[in-house]
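Enquirer: I have a structure here, written as structure tokens, and I will follow up with some questions on it.
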Amino acid sequence: MAARYPIPTLRLRDGHSIPALGFGIGTAWIDGKKTEINRKLVEAIKTAIKLGYRHFDTAEVYNSERELGIAIKESEVPREEFFVTTKLWKNWDNITASFEASLERLRMDYVDLYLIHSPFFVESSKDLQTQWSSLEALHSTGRARSIGVSNFYAPHLTAILQTAKIKPVINQIELHPYLQHPDLQALLKTHNIALASYGPLTPITKASPGPVDEVVERLARKYGAGEGEILLRWVIEQGGVAITTSSKEERMRGYLKATEFELTEDEVKEISEKGKRKHHREFFRSRF
Ligand SMILES: NC(=O)C1=CN([C@@H]2O[C@H](COP(=O)(O)OP(=O)(O)OC[C@H]3O[C@@H](n4cnc5c(N)ncnc54)[C@H](O)[C@@H]3O)[C@@H](O)[C@H]2O)C=CC1
Ligand SMILES: O=CCc1c[nH]c2ccccc12
């Protein structure tokens with residue numbers, strides 16, 4: 001059975017819309033060395049499509065773009081119904097070649113969103129500015145409908161905003177109650193840059209036990225949802241986009257419940273306040 005309700009969308013600063021719940025094909029799926037097509041992954045993506053997911057998040061470095069392209073073709077759902085994000089890894093010298101290789105693997109002639117995966121591989125602000133101008137050039141061809149960044153913190157954003165002709169539409173970062181980035185969130189709001197959360201389930205999957213456990217369990221009972229769905233909804237209620245994943249159909253189905261109820265302002269606040277009592281960063285730890 002497909003989603004009972006359509007997944008809500010968020011309007012980006014360039015006028016395009018992004019579904020507020022995305023299905024990631026990184027982390028749990030990664031096998032950077034594989035050369036054969038992973039049919040299990042293709043089938044899992046097709047299951048997600050059947051359940052109603054239309055927003056997929058991949059990256060050059062995940063080695064999953066080919067499977068996403070095949071799954072979308074085999075699903076027979078029109079390309080225009082999907083929102084596909086991919087990300088540039090380290091090939092700064094020829095960004096156009098990297099981008100075109102991604103399109104080829106995806107079997108697509110455009111992506112909805114192209115992101116710089118990380119700012120941590122360059123030496124200077126000037127390098128970041130040069131990279132951003134290459135994304136602007138791709139955007140002008142129409143093959144990257146929207147452009148944005150990932151794992152950017154205030155100094156990285158400030159650097160590119162100094163010379164940007166087009167501001168990033170989104171910053172995809174690790175965001176959950178134990179990593180809330182209040183200052184970065186304020187900066188994004190000032191520039192109308194949306195926030196996408198990866199690792200939204202971290203408090204229950206990687207950082208438990210912790211101070212939000214009790215409230216998340218209580219709200220899951222109240223709304224007849226899983227604990228994960230409370231954390232996904234916490235992101236969505238704050239105007240963010242939540243990117244999660246699973247290989248299990250039951251979990252894929254469960255996450256969709258996050259679109260079927262609303263948390264009250266006080267409930268969002270309670271999770272945030274309790275979350276502030278613990279700090280946990282799962283990804284790119286060595287950079288901080
Ligand atoms: N831009 C970036 O640098 C990054 C982007 N991402 C993107 O975000 C996506 C999601 O990232 P995750 O950290 O995996 O997201 P997540 O925090 O939503 O965790 C999803 C994982 O939790 C497991 N899970 C769900 N419910 C569970 C439960 N009750 N008990 C135990 N395990 C449970 C799932 O099976 C899955 O493996 C990735 O696939 C990728 O597309 C992820 C990391 C970095
Ligand atoms: O994007 C998520 C984190 C990450 C960075 N590099 C790799 C490589 C393979 C899987 C995930 C990641």
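The chain as shown is numbered from 1 upward.
Using the three backbone atoms N, Cα and C, a Cβ is placed for every residue, glycine included.
Checked TrEMBL, it gives:
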ACT_SITE  Tyr62  active site, proton donor
BINDING   His117  substrate binding site
DOMAIN    24-274  domain 'NADP-dependent oxidoreductase'
SITE      Lys87  site 'Lowers pKa of active site Tyr'
Enquirer: If you count other CB atoms within 10 A of each CB, which of Tyr62, Lys87, His117 wins among these recorded positions?
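Expert: Buried the deepest by this measure is Lys87.
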Enquirer: In three-state terms from DSSP, label Lys87 (site 'Lowers pKa of active site Tyr') for me.
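Expert: Where Lys87 (site 'Lowers pKa of active site Tyr') sits, the three-state DSSP reduction gives strand.
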Enquirer: Between His117 (substrate binding site) and Lys87 (site 'Lowers pKa of active site Tyr'), what C-alpha distance do you get in Å?
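Expert: Computed Cα spacing between His117 (substrate binding site) and Lys87 (site 'Lowers pKa of active site Tyr') is 5 Å.
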Enquirer: Do me a favour and check the Cα-Cα span between Lys87 (site 'Lowers pKa of active site Tyr') and the residue listed as 'active site, proton donor'; whole Å is fine.
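Expert: Each residue's Cα considered, Lys87 (site 'Lowers pKa of active site Tyr') and the residue listed as 'active site, proton donor' end up 9 Å apart.
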